[in-house]
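**Q** Here's a structure for you.
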Amino acid sequence: MGWIGETVDSVKSIQMRQLLTQAVSLGMIVTSALIIWKGLMCITGSESPVVVVLSGSMEPAFKRGDILFLHMSKDPIRAGEIVVFNIDGREIPIVHRVIKVHERQDTGEVDVLTKGDNNYGDDRLLYAQGQLYLQRHHIMGRAVGFLPYVGWVTIIMTEKPIIKYILIGALGLLVITSKD
């Protein structure tokens, strides 16, 4: 009958106690991942300590599919730094370089203007209508490191959801049918 038949027979032979054990193990893995994520958020000071570069706007510095590690400190943001920011009304964060820093004389707050290294002009067209600069609350973090190409897994699963469902199904089947 082959591999599929053996898998179906294996699933049928699972005892209720073993199924519960596997479910608890899966729950512990998911919970551990969430704890690690929340811990990274506390350590880095960033709401998203790891992001994937989704476009080629930062080439040659970062390519599509690179993973960036972020950190957000109280230090002032300087021109030349690479930041990840959110725009009001958009879900997906953007990774670009700070090209201009504007300090308000009355409050001392710093506003920044960004641009993708591979883009022709600055990002004012990306900002909310009438917005000329980003304020500190828009900035999610500064890029402090990266892993090239590792983020392609995320991009592929986002662009081709069937692959994501196949992978989740296969992992779930593996957890259910494992004998340990």
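Backbone N, Cα and C atoms are what each Cβ position is placed from, and that goes for glycine too.
The shown structure was predicted, so the numbers you read here are calculated from the model rather than taken from an experiment.
The feature domain 'Peptidase S24/S26A/S26B/S26C' is assigned by TrEMBL to 38-114. For 19-37, 139-156, 162-178, the entry in TrEMBL reads transmembrane segment.
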**Q** For the domain 'Peptidase S24/S26A/S26B/S26C' (38-114), what's the model's average pLDDT?
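**A** Overall, the domain 'Peptidase S24/S26A/S26B/S26C' (38-114) comes to a mean pLDDT of 91.
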**Q** So what's near the transmembrane segment (139-156) in sequence-distant terms, Cβ-Cβ under 8 Å and 6+ beyond its ends?
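**A** Counting only partners 6 or more residues beyond its ends, the transmembrane segment (139-156) has Cβ contacts under 8 Å with 44-49, 51-54, 62-73, 77, 81-86, 93, 95, 112, 163.
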